[in-house]
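Step one of this worksheet: look at the structure below.
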């Protein structure tokens, strides 16, 4: 009898345990299902974020590439514009240089023509207004020669020419030598270096290398100075008196003075 009671109790307890076990299984399964669903959502969110990040990086990369390409195009355009500008400036400078040379050549040609015309006018009229020399002077080659109507010592002659912004006659080139021989000058002081001894020698091109007189003027009263007599050079006391002839460089012939001096029928 007691065994039946014990069996009955065990049987009663088993259904309770079974029910508890079933409840426990249901709760555990529910929790496990919820956790799995939450993990799936998290994974999906992460995947979505990664996808968005990848898309964002792609968009940024595209923007960067487009911007870089645009800037490169602008840079190339600026470089081409700079090169074109430099080339245009170079061509303009070259054109201006060529024009300047042409103008310079034309000016030189006009100057040469004006000088030739003026020489022709001067040969007919010694005091023609185109003459590039002071009034009363003689124009020969590129120099003007003025014979002063006075006598003077060598030092006085130097000072007299200096007062006219000219210099005492000096044989410094072939043109001066030709002028002296052409004029057959007599007893005119020359701008030669004073000497301590009296001498003479023929007029020649060797005189081109003579030293300038201004370099030695101390005790000039005790020295000898040179003068020209036709084709010879003589030395006498610097305190003696001789004729004076001054020399200065001729100015440029003015084209207007030549044109105004031409006859009406030749213009």
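For all residues, glycine too, the Cβ spot is worked out from N, Cα and C.
Look at Swiss-Prot and you will find 5-10 tagged as motif 'ITIM motif'.
What Swiss-Prot lists as phosphotyrosine is 7.
Residues annotated as transmembrane segment in Swiss-Prot: 44-64.
As annotated by Swiss-Prot, disulfide bond applies to 118-130 (among others). When Cβ atoms from all protein chains are considered, those within 10 Å of residue 118 (disulfide bond) total 22, not counting its own.
Marked as disulfide bond by Swiss-Prot: 133-144 (among others). Of all Cβ atoms in the protein chains displayed, 20 besides its own lie within 10 Å of the Cβ of residue 133 (disulfide bond).
For 161-246 (among others), the entry in Swiss-Prot reads disulfide bond. Shown in sequence order, 167, 168, 244, 246, 247 are the residues of the chain, 6+ apart in sequence, with a C-beta less than 8 angstroms from the C-beta of residue 161 (disulfide bond).
Its Cβ placed at the centre, residue 225 (disulfide bond) has 27 other Cβ atoms within 10 Å. Secondary structure at residue 225 (disulfide bond), as computed by DSSP, is strand. If you look up Swiss-Prot, you'll see 225-238 (among others) marked as disulfide bond.
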### Message
Nearest by CA distance to residue 225 (disulfide bond): which of the disulfide-bonded residues is it, out of 118, 130, 133, 144?
### Response
144
### Summary
DSSP, reduced to three states, assigns residue 130 (disulfide bond) to coil
### Cα distance (Å, whole number) from residue 118 (disulfide bond) to residue 133 (disulfide bond)
12
### Task
Provide, as an integer number of angstrom, the distance between the C-alpha atoms of residue 130 (disulfide bond) and residue 144 (disulfide bond).
13
### Task
Round to the nearest Å and give the CA-to-CA distance linking residue 144 (disulfide bond) with residue 118 (disulfide bond).
14
